[in-house]
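Under the heading transmembrane segment, TrEMBL lists 12-31, 43-67, 88-106, 126-152.
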Amino acid sequence: MNTLSPREKNLWVNIIIDVIALTWFAYFLATTPATVEAYKTELFSFVAGVALVSIVIASTLGLIFSKAHELEDMDERDELIALKGMKVGYYVLGGLMIYLIGAAYLDAFTALVDGEAVYKGVRFSPLVIGNVLLVVITLSTLAKDVASLIYYRKEF
């Protein structure tokens, strides 16, 4: 029977934390009014709350999952898997950032006058761009952890 190694359990903890953070962030965006005044206090308290909850969840689940096994030093296979996972994470981060820049560019040049693209200015507010950046960074971290877990399960 194939069991999970302590490193795989650690990856599962990271994936659970990322999914909880994304879900909580989606709920936060759905329930918070889109005004600068609301974001001044609520965004800071949200980020602080996510950081605190992530630390508590990581500590608790890390203790539960790895209580029976100590984490051994990384060997070449573990380092290779970590690097391949980071590669996937950076590809996702780069792709989503290019998509974000392209969306902002297309948003600025959507008006056509006599067949010419007219610059209208970026209509994305800094709050929207900041929120998208938080989601992009979290998705790239999630992709890195999922890719590392897949590489561990492939056993190469």
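First residue shown is number 1, and so on along the chain.
The backbone N, Cα and C atoms fix where each Cβ goes, and this holds for glycine too.
A TrEMBL annotation is a machine prediction, not a hand-curated record.
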At an 8 Å Cβ cut-off, counting only pairs 6 or more apart in sequence, do the transmembrane segment (126-152) and the transmembrane segment (12-31) clear the bar of 3 or more pairs?
yes
Close approaches to the transmembrane segment (12-31) from elsewhere in its chain (Cβ under 8 angstroms; 6 or more beyond its ends):
4, 42, 46, 50, 53-54, 57-58, 61-62, 65, 131, 134-135, 138-139, 141-142, 145-146, 149
